[in-house]
Amino acid sequence: MRLLQFLFRASPATLLLVLCLHLGANKAQENTRRIIIQNFEIPTTANRDEEVTAVLQVKTELKECMVAKVYLTSDVPVEGAFNYKYTRCLCDDYPNTYYWDFHTNRTVQIAAVVDIIRELGICPNDAAVTPISKNRFYTIKTLVVA
């Protein structure tokens, strides 16, 4: 009874503070998971007709799996394995690593692109999600040819 009398005498700010402490803070905004994390590595310089290897590691912090289509694109045409496109299941416990070996005679800007798509037969039991906010992620690097 005394506690009830105390609450009626307390200020509205105190009541709000007690309510927030009792219910706990909303952790949804503090614990935002990243959809795609990219680590794209290519050499910064290369010689003419030298074979260059591009490596892209893709991972997610989401608990659900996604179907990821991964490819490279550039501002100038590049022949060979540069044009390979990969489609794999991406889950939080297993990052995917992709490799491209190619030759170029010109300085080129390369974008590593990850599209989250809807495709059956890629993830186990076709259990995959598609983000609502954004489904294309990319990183751009420049390869200077000397």
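Cβ from N, Cα, C; glycine included.
When you check Swiss-Prot, the disulphide partner of C123 from the set C20, C89 turns out to be C89. Between C65 and the candidates C20, C91, Swiss-Prot records the disulphide pairing with C91. When the Cα atoms are compared, C123 (disulfide bond) and C91 (disulfide bond) turn out to be 9 Å apart. Counting in whole angstrom, N105 (N-linked glycosylation site) lies 34 from C89 (disulfide bond) by their C-alpha atoms. The Cβ of C65 (disulfide bond) lies under 8 Å from the Cβ of C89, L90, C91, C123, P124, A127, A128, V129, each on the same chain and at least six residues away in sequence.
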